[in-house]
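K.L.:
Supplied in C-alpha cells, the structure appears directly below.
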Amino acid sequence: MSETMSTNEEQKKPPLNGRRALPLNNSNDEENEVPEMEAFGLIPRGFNPKDYLRVVDIHMFKEPHEINKQQHHTDKYYSPKLIVRRGQPFQIQVDFNRPYKPDTDQFWLEYLIGRYPQQNKGTYIPILVGDVLKPGEWGAKITHKENNSIHLSIMSSATCIVGKFRLYVAVWTPFGILRTHRNSATDTYILFNPWCQQDAVYLDDEKEREEYVLNDVGIVFHGNINNIKLRSWSYGQFEENILDACLFLMDKAELELSGRGNPIKICRVASAVINSRDDNGVIAGSWDNTYTYGVAPSAWTGSADILLEYYSSKQPVRYGQCWVFAGVFNTFLRCLGIPARLVTNYSSAHDNNANLQLDFFLDDEGQMDTKITKDSVWNYHCWNEAWMTRPDLPVGFGGWQVVDGTPQETSDGMYRCGPASVQAIKHGHVCFQFDAPFVYAEVNSDIVYSRREKNGTQVIEKIDTTHVGQLIVTKEVGGDGMMEITEEYKFPEGSAEERLALETAVMYGVKKQTTQDTTYQPQTDVDMDFQVQKAVLGSDFKVTITFRNKSRNYYTATTYLSGNIVFYTGVTKNEFKKHSFSAKLEPSSSSAFNVLIKSSEYLSDLLDQASFHFFVTARITETGKILAMQKATVLEIPTLWIKTQGEMVAGKEMSVTVEFTNPLKQTLENVTLRLEGPGVLRTMKKEFRQIPVNSTLIWEVKCTPKRPGLRKLIASLNCDALRHVYGELNVQIQKP
C-alpha cells in the first residue's frame, strides 16, 4: 500500500527545474489539490472532526437581483457564479453545524487562484475575520449572527489579481485544520473596478462608466474622411461564457497570474493575442479580398461569436480587419472592467520606417510610380483606447491609452501595439513606452510627392502636411452620434504648439528626413482641386477637376486622372480608369472639367469596401511645374431593413424580419445573412443561393428576448459581389 502511495505522489510533483522552486503560475484554469484535513502531527485515536465547528453551507448571494451583483454593477453578466469588482465589499453567509462562538472557535477564509498558490504572489489569500474593513485591502468582518449562521462582509484589495478565485473556509482544531471541500459553486470572479478610487482604472464620471464599461453595443465609424459611414457592433461582453473566454486569452498569452492586477500588462499582452500573428491568437487577418474557408471580415456583426469560437477551437478565427480586431479587443477590456472605447483615425498613415513622412513617387509623366512607392494611407484605421493610470510614466500621462490589436508592425519582437499615452502623443513625448512613435506617425505624417529627374536629382513637387490624421472620432457617450477627439491627439494644424510637439517628437528620436538634398519650389500661381460626385453602388458618376489660374499668363495643363480600386488600407488592387486631357487656363480665372466614370468600368473589379482612390496630376507646359492631388472616395452601399412584429416583452416570443433589395445589374449568388442582438437573440445565420436583379429577399426569425430595456438588433449581408451591407434597429423590450 505504502509503495503505491509514493509512486502516485511522485507523479503529482512538478518536474524539477534548477531555476525555479515552483513552475510558472500562468493559467487561471489549472488548480492544485487542497487538503480537507491538514494534520499538525499524529492524530489521536479518539479524534472526531464532527466534534468541532464545521461548515454546512455557504451562500454567495450571486443572483442578478441580489445585493452583490447589484452593488458591483455585474448583474448583466449571464453567469451563475459570483462576480464582484475589486476594492469594494461583498457579502456571503456561512452556515455552521452549531452557533459560532468567537471566543473559542477560529476560522478563516482562503482565496486561491491557479495551480501553485503563493501568498507573496497574491495567488493565495488567507483572510482572518476582524472588526473593521480597511478600504482597498483584503479583510472580512461579521455583520450579522443568527442561529448557526453568520453574515460576512468581505473586502478585496484594490490591486488584486483579476480572474476566477476558488474559495475555501478553514476551521482550526487542536489537531489540524479542517477545510471545506472543493465546490465550484463558490468560485468568485474578481474584476477591475472603475467605481473604486484606489483602482488603477478608476473613472470618475458615472455616464462615462455606463458607456465605456457597461454598454454592450457600440458604433464603428468607417468609410473615409469625405464620406463617413457608421455601423453598429455588438460587443456582447456579458453574454454566456464570454468572461471565461476573456480569462482564457490571458492564459493563452501566458501572462503570469501575479501580473493580472496590472491593466498596463494586460493591455500589452492582449494587443498581441488578439491577432494570430506569431502566437496563434484570436483572429487571423486577411486584406486580400479572398476569404475562402472563413467568414469575410465585413460579415461579422459582433465579438461574441469570434471569442466563443476561439475559446472552443483554440485556433485562430478567420478573418478580421482593423475594426474586427478593435471590436473584439473592446469586448475583452470592458468584460474585465477596464473602461475602453473604439476609435477611428481617418487618413491613417502606415509608415514603413516611422520617419513621419509618407513618400509617393511620380514618374516623368507625373503619374504615380507604384513600383517604388511603399508607404500607404489607410482610408481609416480603428484602434482602442483604454483608461488607466500610468505609474510607470511621469505624472500627467495617465488617462486614455492607445492599444491596437491589428497586426501592423512588430514591437519588442511581436505584433502588438500599446499602451501608448494619448497625452504623450499630443505633446510629442514619444520616448515613453509603449510604441508612441508608431502611433504619432499614424496621426501626424506628412505626404511628400517627389519625382526623379533624368539626371538623378530628386525634385519634391508637393508636401501635404494636413492630409494624415485629419479626423479622429469615437462614439459619443450615451448616444449613437459621433464625437470628435482629434484635439486629444494633436494641436490645431499650423499652431505654434503643434510645431513644438513635432520638434519634441523629433528630439526623442522620431526620424524626420530633411529636404536639404532635394529641391523644392512649390507651384504658387495655379491651384488645382477635384471633387468626386456622391454615387450609389452600380451607378455612373463624375469627377470634376477645377483649376484656378491666379497669374496674368495663359497656361496649358496636361492633366492625367488615374482611378484605382483600392483596399481600405490604401493599397491599390488595380487601375480601372486612365484619362488624360489638355486644359486651357485663362489668366486670372477658374475653369472646371468633368470626367465621367461608368459603372461598367468599375463593377467587375470592386472590392468589399467599395473604395476608390483618384490621383490627379497636371503639368503646366509653360513652366514644367507639376500639381498633384489624391482623394479616396466610397460608394453608397444599400442597407438592410429590420422590422419587428407584435409586442416585444421579455420572456415572450417575438418575430423579426430582415429585408433587402438587390440594387446591382447582376444576380447575387451565395448570400449569407447574419442577425444578432445582445439580450434579444443569439447570432442566427441563413444562406440564400440567389437574389435576382431588383428582387427582394425577406427572412423572418422568431426569438425570445431575455432582458427588458432598450436593445439593438444588428444584421449584415455578405456575398462575393457585395459586402459591408448592414442594417440595425433599436427595440424597446418591455418588462413582463
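Each residue's number is its place along the chain shown, starting with 1.
Every residue, even glycine, has its Cβ placed from backbone N, Cα and C.
Feature list, courtesy of TrEMBL:
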- 1-33: region 'Disordered' (REGION)
- 314-407: domain 'Transglutaminase-like' (DOMAIN)
- C322: active site (ACT_SITE)
- H381: active site (ACT_SITE)
- D404: active site (ACT_SITE)
- N444, D446, E493, E498: Ca(2+) binding site (BINDING)
K.L.:
For D446 (Ca(2+) binding site), find which of the active-site residues C322, H381, D404 come within 10 Å, Cα to Cα.
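P.N.:
The active-site residues passing the 10 Å Cα test: none.
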K.L.:
Please average pLDDT over the domain 'Transglutaminase-like' (314-407) for the predicted structure.
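P.N.:
Result for the domain 'Transglutaminase-like' (314-407): average pLDDT 90.
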K.L.:
Please compare the recorded positions C322, N444, E493, E498 by how many other CB atoms fall within 10 Å of each one's CB, and tell me which has the fewest.
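P.N.:
It is E493 that, of the recorded positions C322, N444, E493, E498, has the fewest other Cβ atoms within 10 Å.
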K.L.:
Return the count of C-beta atoms lying within 10 angstroms of the C-beta of D446 (Ca(2+) binding site), excluding that atom itself.
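P.N.:
A 10 Å sphere around the Cβ of D446 (Ca(2+) binding site) contains 19 other Cβ atoms.
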K.L.:
Please name which of the active-site residues listed here, C322, H381, D404, is nearest in space to N444 (Ca(2+) binding site), Cα against Cα.
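P.N.:
Ranked by Cα distance from N444 (Ca(2+) binding site), first place goes to H381.
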K.L.:
Are there residues of the same chain, six or more positions away from H381 (active site), whose CB falls under 8 angstroms from its CB, and which are they?
P.N.:
C322, T344, N345, S348, H350, T406, E442
K.L.:
Could you give the Cα-Cα distance between E498 (Ca(2+) binding site) and D404 (active site), in whole Å?
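P.N.:
Cα of E498 (Ca(2+) binding site) to Cα of D404 (active site) measures 24 Å after rounding.
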K.L.:
Given the Ca(2+) site residues N444, D446, E493, E498, which other residues of that chain have a Cβ within 8 Å of the mean position of their Cβ atoms, reported in sequence order?
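P.N.:
Near the Ca(2+) site, the remaining chain residues are T465, T466, V468, G469, K490, G494, L502.
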K.L.:
Residues with Cβ closer than 8 Å to the Cβ of D404 (active site), same chain and 6+ apart in sequence?
P.N.:
S271, F325, A326, W383, N384, R416, C417, G418, V439
K.L.:
In the domain 'Transglutaminase-like' (314-407), how many residues does DSSP call helix, how many strand, and how many coil?
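P.N.:
Once the DSSP states are binned, the domain 'Transglutaminase-like' (314-407) shows 15 helix, 41 strand, 38 coil.
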